[in-house]
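Below is one structure, written out as structure tokens; the observations come after it.
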Amino acid sequence: MVGVKHMDPESLLEGLDESQRRAAVATSGPVRIIAGAGAGKTRTITRRIAYACALDVWNPSHVLAVTFSKRAAQEMHSRLDGLGFGDVKARTFHSAALGQLHLVWDAVTTDAFPEIHQSSPKALAEAVRIVTNRTDLDKGAVQDVESEINWAKVSLIAPQDYPTVCKATGRVPPAGLEPDTFAELAQEYERQKAAANRMDFNDILLLVCHIIERFPRQARRIRGGIDCITVDEYQDVSPLQHRLLRLWLGDINEVCVVGDAAQTIYSFAGATSYYLRDFAREFAPVHSDIVLNRDYRSTPQIVQYANRVLAASPHRDEYLELTSAQPKGRDIRPTRYEDDSAEAQGIAARIKRLQEHGVPLGDIGVLTRTNAQLKPIAKALEERGIASSVRKVEFTDGNESETTPQNGDWASAGMSGNAPSDTMAAPSPAASLAPAERTIPASSPSTPTAVATQRRMAAEEQALAQLTQLRQRGSATTMPARQTVSLSTIHAAKGLEWKYVFVAGCADGLIPYHSPTDESEREEERRLMYVAVTRAQKELFPSYASTDAPSTGYAPHERMLSPFLRGK
Ligand SMILES: Nc1ncnc2c1ncn2[C@@H]1O[C@H](COP(=O)(O)OP(=O)(O)OP(=O)(O)O)[C@@H](O)[C@H]1O
């Protein structure tokens, strides 16, 4: 860590454009920064924090910067450290909450601190058996059930309210379960988990919410360490995370949120850009409301292409239109291949040519909608002796990995199955919400397809494992990551950039995946395409295959270019 350098505050504003500068000097909250892809949001918020600390407006050790992934937290910390303010706490929601839970645990209960697990398959299987008398649910169905429990939990829908939500929104529980049975199962799952003294990531958030609400002295301890909060990627906040943020803040309004509604790609897991869009009303009067729409990452052609993806959206007015700060680059035209295998070969051949022209492999990313699509590309690269590495989609572990922002399930009823002390004998925090807090935000997913999406992502982990094996057989694993082509799903590529980006599988049916019947699902697919396109700095190579793989044994299906790339 670099020691505090007593930096001249003005020097911290160097290299910021006018809008970024306005954001950086807005040292009183509430502040909202709507920042498009590549618009320098990380640069802006780190300078803003450093500037306020250099002016002694804030004490660095009382500043909390919240991100959605460990990688983003590390990036934020290293930039702040470089500016001389390494004392600022850059944390994920889960790691910040976990630290607070450890801080106050002994003051609220005599129980041992529960073990933390991302999921508890045994507890879930047992709950299914007890409630439904079934032991025949396949792995996919069990995953669907778990995903649905997670979704309800981050959406702050208590089990007893779940059937009403289904009735009101047409949501269908997974695995053919009736809403009432599902609610019962969710409660039983919590009991099983509590009996095993286990807690999942969202239990951590729910418990901290509960403690701040019910234990005033502990609430003061928790809040005592926080004078102001900055939340990055605010478009991905869930109702549960939003609630925790409000409780952390209490009466203070020193909050700055940064986000881009066009980059919400985790709605299926409970994320919603509603809070970003509603910020000016919720925190009125806001001190500053700033838009950063100058993209420093990508060429004008890439930016125009990205704008076009959003242009036909019925939600266009919720999204920014970007302008590029870069010199002109090459025009972009999607390449059409005969089938998936030809596409994989074509991409590999192009990458080989780039390599021969001196492009470092680390400057190249290949993005797809699903993990399974990466496999033939990895194989084609391997055949040409090109090293690649796969970015893994890892689900929230709260403080250790790349994440989806939401995960976990309903709270374990204050560990009630764990012989709690009187002080901790609390009902499920989700169940104890005021009714107004239990409503579902407008943009929450309301169809079973959202569950299927999660299931698909989980199932794709299998394909990923195979892919990793494939890589291990090749030379890739012995190469430093910088010398390999990055293979990534679009979800896992969020927040990253490469000079050369290949987006494979830009076909109708792959992106959008299948045929979303629900408007909000289709819109999420559009945003995924936008995120993919905006990862490219210098050159973008979209491609698709006009038929699916001939090796499937079925008659090949005709494919069309993705409607998101067809323009208006
Ligand atoms: N004012 C500026 N002048 C020159 N370069 C800038 C400026 N602001 C940002 N950049 C550069 O633009 C790129 C994107 O900035 P940053 O990493 O802060 O992105 P971001 O907005 O957090 O991106 P995203 O949200 O898409 O992940 C970086 O390479 C950064 O150095």
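From the backbone N, Cα and C atoms, a Cβ is placed for every residue, glycine too.
Unlike curated entries, TrEMBL annotations are predicted automatically.
For ALA35, GLY36, ALA37, GLY38, ALA39, GLY40, LYS41, THR42, the entry in TrEMBL reads ATP binding site. Residues or ranges marked as compositional bias 'Low complexity' by TrEMBL: 425-436. What TrEMBL records for 441-452 is compositional bias 'Polar residues'. Residues annotated as domain 'UvrD-like helicase ATP-binding' in TrEMBL: 14-299. Annotation comment: TrEMBL describes 300-538 as domain 'UvrD-like helicase C-terminal'. Annotated region 'Disordered' per TrEMBL: 392-456, in sequence order.
Remark: LYS41 (ATP binding site) has ILE33, ALA35, ASP232, VAL258, ASP260, LEU292 as non-local neighbours, by Cβ distance under 8 Å and separation of at least 6 in sequence. Counting every protein chain shown, 22 other Cβ atoms lie within 10 Å of the Cβ of GLY40 (ATP binding site). Mean pLDDT, taken over the domain 'UvrD-like helicase ATP-binding' (14-299), works out to 94 on the 0 to 100 scale. For the recorded ATP site, residues ALA35, GLY36, ALA37, GLY38, ALA39, GLY40, LYS41, THR42 set the reference point as the centre of their Cβ atoms, and the other residues of that chain within 8 Å of it by Cβ are THR44, ASP260, LEU292, ASP295, TYR296, ARG297. Applying an 8 A CB threshold to same-chain residues 6+ apart, the list for GLY38 (ATP binding site) reads ASP295, TYR296, ARG297, SER298, LEU322, GLU497, THR534.
The Cβ of THR42 (ATP binding site) has ALA72, GLU75, MET76, ARG79, ASP232 as same-chain neighbours under 8 Å, each 6 or more residues away in sequence.
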